[in-house]
Structure formats: C-alpha cells, structure tokens
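Now, the feature entries from TrEMBL:
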{"type": "TRANSMEM", "residues": "56-77", "note": "transmembrane segment"}
{"type": "DOMAIN", "residues": "58-485", "note": "domain 'Major facilitator superfamily (MFS) profile'"}
{"type": "TRANSMEM", "residues": "97-120", "note": "transmembrane segment"}
{"type": "TRANSMEM", "residues": "127-146", "note": "transmembrane segment"}
{"type": "TRANSMEM", "residues": "152-173", "note": "transmembrane segment"}
{"type": "TRANSMEM", "residues": "185-204", "note": "transmembrane segment"}
{"type": "TRANSMEM", "residues": "210-231", "note": "transmembrane segment"}
{"type": "TRANSMEM", "residues": "292-315", "note": "transmembrane segment"}
{"type": "TRANSMEM", "residues": "335-352", "note": "transmembrane segment"}
{"type": "TRANSMEM", "residues": "359-381", "note": "transmembrane segment"}
{"type": "TRANSMEM", "residues": "393-417", "note": "transmembrane segment"}
{"type": "TRANSMEM", "residues": "429-450", "note": "transmembrane segment"}
{"type": "TRANSMEM", "residues": "462-481", "note": "transmembrane segment"}
{"type": "REGION", "residues": "500-520", "note": "region 'Disordered'"}
{"type": "COMPBIAS", "residues": "509-520", "note": "compositional bias 'Basic and acidic residues'"}
Amino acid sequence: MSGIEEREPLITPALPANRSGYGTGENVMNPSARDAMSKFVVNNVAGESGRKLPQYIAGLAASGGALAAGTFLGWTAPTDKPLTEKGEYGFPISDEAFSWIGSISNLGAAVMCFPIGYMMKMIGRKWSMLSMVLPLVLGWLLIIFAENVAMMMVGRFFLGVGGGAFCVAAPTYTAEIAQPSIRGTLGTFFQLMVTVGILFVYAVGAGVDVQVLSIICGVIPLAFGVIFFFMPESPYYFVEKGRYSEASSSLKWLRGAQYDEAAEIEDLKQADEKVKAEAIPMLVAFRQKATIRALIISLGLMFFQQLSGINAVIFYNSAIFASANGGNEMSSASIIVGGIQVAATLLASAVVDKVGRRILLLVSDFMMAVSTILLAVYFQLKQDDPSKVDDLSWLAVLAVCLFIAMFSIGYGPVPWLMVGELFANNVKAFASPVAGVFNWLLAFLVTKIFTNLKDGMGEAGVFWLFSGISLLGTVFVFVMVPETKGKSLNDIQRLLAGEKLSTEQNGTEAREDERDPPMA
C-alpha cells in the first residue's frame, strides 16, 4: 500500500516560553502543582501549553478514515479464491475480471487527488472527510449486493474515491490540529491505521465469506462518520476563511477550556498571509531548479515504490502462498503478513527522525530486492522440478514477510514524507497532487497487469523483474535522493538548488522546521 499524503500539513510555530498572552500561567505555578497536572499537559518551557488528550482523540477519530482505506486495500487478498474459484457470488469471475476488480480502486483514488484539495479549501477538512462516507458506503453496498462483475468494479471504484480522499485529508487534518510536540506521533496514526485495516480484513476474511466480510467493512465508514461528526474543524481552515471566533472555539476544544489561544491564532494568521504572499503560477514554479529536482526525486520514489511489486504482494499474497504450497495455512500466513506490516510501520515511525530518510530507503529497497530474488529462485526451482521445493515452502513465506517488513520501514512511508519536505510551500498545492496521481496510477498498473505478467513470464519471471527494479531503485536513492533529516524546509530548497550547506548552518537552522508556514 501506499500511504499517502499529497498535501503538506500545517506546521504550527513553536512559541517561546516568555511570549506574552500565551499559555495558562503554568510558568508561575509551584513544582508540586505542576506535577499534579495531567501528563497530557506540557509547560511553557517547551513553548506549549494546553491539554494533549483532546488532540489524540481527534487524531485517532480522523484516522478512522485510514482504517476504512486499509480495509479496501486488503480486501482482495482473502476474496480472490472464493470469488474466482468457488463462485461464492453465484456468477463467474475470471482471473482477468478479478484483476480489474482489484485494481480499479486505484483509479478512483487517483481521480480524487486534486478535487479533495479544493474541497478542503471550500468546505473544510472535517466536512470533506465526512462527505467521503457516502462513496465508501455506496461502494460497499454495490459489492455486498453485486449481481455481476460490473457492479463489483463500480463499487471498488467508489471505495477508491473515498479511500484516496482520506489519504490526503486525514494527514492534513491531524497535522493542523496538533501542537508541535505531538505532531509526529499523530502523523503516524494514518499509516498505522491503514496497516491495521489491512490486518483486520486478513483476520476477519479468514473466518467469514466474502459478503459477510464486505458487510463488516461497510460498517467501518459509518462508525467513522458518527464519531468524527463530534470532532472540531481544523483551526487553520477557520483562519484561512477569516472566521477567527470559530478558530478560537476549535483551539479551546483541542487544547482545553483554560488555554489562551490568542497567540496561536495570531501565528496562524501570519503563516496564512505568508503563504498567500508567496504564491506563484504553476508554470513559473516548474521552471525553478529546486522544483524540477524535487519533482524528479518525488516521481522517482513513487515509481520505485510501486514497481517494487508491493500492491501485487498485498492484493495477491494468498495466491502467492497457495502457489508456494502454503495449502490450508495461507489464510493464517496472510494474517502474519498483516501483523508484520503493522509492527514494521510502528518501527519506522520510531526511527525515521533518528536514522534519517535516505538510509531507510537504501536498506528498504535493497532488502526488498533480496526478498524478491528469494521468491524468484523459489518459483524457478518449482518450475524446473516441483520435487525440489517440497521442503522449501517456508522460503516463499519468509521472503514475503521480509518484503513486507522492509517495505513498511522505508519505501512505504518515507516517499510520502519526502514529498512534503522536498517541495517549497508555494508550489505544494499543485506539485504534491502530481506525485499522488502518479503513485495511484502506477498502483493501478501493477495490480492490473500482475496476473497478465504472471501468465506471460511465469511467477519466477515476475519476481526477477521486481528484484531488478528494486536494485535500480537502490541506485536511484544513492545517486539522487538527499538526506532531509534535521534540515529546515529552506535548507532543503537551497540544497535542491545546488547550494552547499555548512555544518554550522545546518545546526543553526535545523530547528526552523516547525516555523515554516503551512501550505495554502
């Protein structure tokens, strides 16, 4: 899967401790009173005040949309054989038809990359996400009551529309409601919940038929809608629209009733004004050296992310295990794969700001190449003489698990993170969706042609191809991708433009990240 954030979230400035009018007066409290406060309250030494628990609640509520997206991404793995071989729905579904059912959701997601950005500006982040409940529910209803392949395809397309929109809107919302000290944690909720959704489908799909599984999945967006309805709108959206009293109410909800929001609202105003003042035409932006290089890197990362074969492995891992003689154990193997994906995503969120983006990408891509080489060798041996692999069925399962783990710690989340870092704020509005559309279209291509490639090249040939692409991706990262860890957005733009940054400048300016303005 791809996780997916095409719109750079708000970066709220961290305020100094002695800023007048900011905080709840905690700086004058005695130590014992301060220690008695909730663990979700941070004092002004960190430049923040206010409660954190409401922000966690709102962030988790928004990530319910990611859970819904994860269910449609994982749905094809446990439903492949029941639909194509067992005919559970009472009408024939060929492997070719199922490849369309599995892949067309990516087209729906690609269609929404640009419109959801405009929707968030027009009606707000909250109502944009709530409106996506409609296509998600409609999509599941079409699948639940499908009488032919066409109904299933239309249903999957609508699921892609809703899920793709969440991949843009939910990370934007969670970043805009969070204070800097917890923004990274809230930012990991989305990718984590996507993997939880995939694991959920694998686990439930192992015990129920396709229709019951689809009904259960259809309840998730409804539950999300009920819960998220009571969450506040992003304060930055209200500031964008000049609705300052509503922005104040939103911040009071998110930070606590005793929070003095005046200084934060003023900072949001200044950030909004700066972004609008720096706006430039799209054609001018794409003539800038830094933007051109950022686009090449972003599209390259998306290309190698999808052409590694990740969606083919996620969508068809049950078939892979079956081909590897997994037999009756293939459902439990899929659950194990889902669990590994969740654990590896948690690990990535913990280390990405410590070890850096570039090293994670290099290790991730190289090890994915090793994994697909193992799969290619296994299926080559099986093709030459099936008796050679009688005792090697574990090798394919191990290779798939390694592949999923390595993808999840690097090439899964990092390309989307870097899209937000590489583009200047005044070009993100049209550059980031380009990367998103490219990613989803590639995901469609890979999932659509995987079956055809397997039939034409054989299973071994397909995985030899994926391994070769991953090795090329490792070279691409080594040659083209800069390390962005610890650099301000301004430093990154200078780096992309060809300037050399001194160590002293990096150390001085690395702390500026949280003071860069949000995307308009």
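Using N, Cα and C of the backbone, Cβ positions are placed for all residues, glycine too.
No curator has checked TrEMBL annotations; they are predicted automatically.
No contact links the transmembrane segment (292-315) to the transmembrane segment (127-146), because fewer than 3 Cβ pairs that are 6 or more residues apart lie under 8 A. The predicted model assigns the domain 'Major facilitator superfamily (MFS) profile' (58-485) a mean pLDDT of 84. With a threshold of 8 Å between CB atoms, the same-chain residues lying at least 6 positions outside the transmembrane segment (56-77) that come near it are 1, 40, 98, 101-102, 105, 129, 132, 136, 139, 156, 159-160, 162-164, 166-167, 169-170, 173-174, 177-178, 182, 186, 189-202, 205, 213-214, 217, 220-221, 223-224, 227-228, 231-232, 254, 314-318, 334, 338. Here the transmembrane segment (185-204) does not touch the transmembrane segment (462-481). Their Cβ atoms form fewer than 3 pairs under 8 Å, with each pair 6 or more residues apart. Tertiary neighbourhood of the transmembrane segment (97-120): same-chain residues 6-7, 72-73, 76, 80, 83-84, 128, 131, 149, 152-153, 156-165, 167-169, 172, 237, 311, 315-316, 429, 433, 436-437, 440-441, 443-445, 447-452, selected by CB-CB distance under 8 Å and a gap of 6+ residues from either end.
Under 8 Å from some Cβ of the transmembrane segment (335-352) lie the Cβ atoms of residues 74, 184-185, 188, 191-192, 195-196, 198-203, 206, 317, 360, 400-401, 404-410, 412-414, 417, 485, all in the same chain and six or more residues away from its ends.
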